[in-house]
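Peer 1: Pulled from Swiss-Prot, these are the listed features:
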| type | residues | note |
| --- | --- | --- |
| ACT_SITE | SER206 | active site, nucleophile |
| ACT_SITE | HIS258 | active site, charge relay system |
| COMPBIAS | 39-49 | compositional bias 'Polar residues' |
| REGION | 1-51 | region 'Disordered' |
| TRANSMEM | 64-84 | transmembrane segment |
| TRANSMEM | 147-167 | transmembrane segment |
| TRANSMEM | 175-195 | transmembrane segment |
| TRANSMEM | 201-221 | transmembrane segment |
| TRANSMEM | 231-251 | transmembrane segment |
| TRANSMEM | 254-274 | transmembrane segment |
| TRANSMEM | 300-320 | transmembrane segment |
Amino acid sequence: MGEKDSETAPIWGKTRERERSNNNNIQPMDLESSSSVSGQQRSLTQSRSSYEERGRGVKEFRSWFPWLIPCFVVANVAVFVITMYVNNCPKKSGDCFADFLGRFSFQNTRENPLLGPSSLTLQTMGGLDVKKVVKGDEGWRLLSCNWLHGGVVHLLMNMLTLLFIGIRMEREFGFIRIGLLYLISGFGGSILSALFLRSNISVGASGAVFGLLGGMLSEIFINWTIYSNKVVTIVTLVLIVAVNLGLGVLPGVDNFAHIGGFATGFLLGFVLLIRPHYGWINQRNGPGAKPHRFKIYQGILWTISLLILVAGFIVGLISLFNNVDGNEHCSWCHYLSCVPTSKWSCNREPASCTTTQLGNQLSMTCLRNGKSASYILANPSDSRINSLCVQLCR
């Protein structure tokens, strides 16, 4: 999956006038941590093509040149490079991975197995920190966190998925609608994440990418009359989403961002991706009365989705800035993001340690697990202390 795959025709379900098929593989999304990166690729056979007006040979649906999604990918990569420059592991931490990269070397893999910066750097660069959003009036973090990534692995998986899904959607629906779908879905994922995961720094574009999947699914429902192999397409999409959400219950994964992004994208798909029904396209140039452009069910879905979407954003933002903890109103919801087992814990409390400096010796105790350690360090920086604390508390 990459640039080569993105050159194939934009396709989804079979249309009712002519058919063309092509096979593509969708890589399961990383989603916010290395746990989901281990997911296997799922293959998806798509078969969508623009159909022509009868007797005229004129394409009803315009094909767009996809430029916005590649720009999003370039922006994400650029932000990651800047983040690694700011991180400057050799100077701030000392214990780095891939030292030959110099200033761009990664944090120790015990601290960040995704090959990326420290959590402190991610926070500085605009990661989603609920305390800073609510008490520090830094609401912009609800948007900025979608452009940051925890590491090379995280970035690679999200960008491959974005290219594969996003380019095809932009070809069919244009940069305005797909750009709005991507950005608003990421924002919706951030809001839900902030309501339920209140003690972690959250970053990643997975919520926005899940929004594209949600839009794909709702687009089939809203444009039901123009496709012939709807059931197969819907089942395939649902399985892809279910697998990725299932991977999201592993520890360290922000599944609430995925759920929020998918739900937002699903509702937005009804609003942004609506198309004229088959009968209108087939009969509009023929004799007799002209049918309505959209069917009644399309108008109903459009209206209901828009109302739910607006109401959801209003309630979510009001709750967030009134410091409402979603877990207090839903005792079981935390299982949607992590299910504890004998193999792992779902403790999401941030690493916190007590330290004592005597000469060149730094003594540290993790308040989460009670582990203690001593280090020979003279005047360690705050970043170095934070890095050691994170490793000790793992």
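Sequential numbering from 1, following the chain as shown.
Cβ atoms here come from the backbone N, Cα and C positions, even for glycine.
Structural setting of the listed features?
Peer 2: According to DSSP, SER206 (active site, nucleophile) is assigned to a helical segment. Using a 10 Å radius centred on the Cβ of SER206 (active site, nucleophile) and all shown protein chains, the other Cβ atoms total 33.
The 10 Å shell around the Cβ of HIS258 (active site, charge relay system) contains 31 further Cβ atoms across the protein chains shown.
Sequence-distant contacts of the transmembrane segment (64-84) (same chain, six or more residues past either end, CB-CB distance under 8 Å): 6, 103-104, 106, 116-117, 121-122, 125, 147-149, 152, 155, 158-159, 162-163, 166-167, 170-175, 178-179, 182, 205.
Sequence-distant contacts of the transmembrane segment (175-195) (same chain, at least 6 residues past either end, Cβ-Cβ under 8 Å): 64, 66-69, 72, 128, 130, 133, 141-143, 145-146, 166, 169, 202, 205-212, 214-215, 254, 256-265, 268-269, 272-273, 312-313, 316-317, 319-320, 324-326.
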Peer 1: Which residues of the chain, 6 or more past the ends of the transmembrane segment (300-320), have a CB below 8 A from one of its CBs?
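Peer 2: Distant contacts of the transmembrane segment (300-320): 130, 133-134, 188, 191-192, 194-195, 218, 221-222, 263-264, 267-268, 270-271, 274, 294, 326.
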Peer 1: Whole-number Å distance between the CA of HIS258 (active site, charge relay system) and the CA of SER206 (active site, nucleophile)?
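Peer 2: Each residue's Cα considered, HIS258 (active site, charge relay system) and SER206 (active site, nucleophile) end up 6 Å apart.
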Peer 1: Taking a Cβ cut-off under 8 Å, which residues six or more beyond the ends of the transmembrane segment (201-221) line up next to it in the same chain?
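Peer 2: Answer is 12-13, 29-32, 76, 119, 122-123, 127-129, 145-150, 154, 158-159, 161-162, 165-166, 169, 178, 181-186, 188-190, 193-194, 227, 230, 233-234, 237-238, 240-241, 244, 254, 257-270, 272-273, 301, 305, 350.
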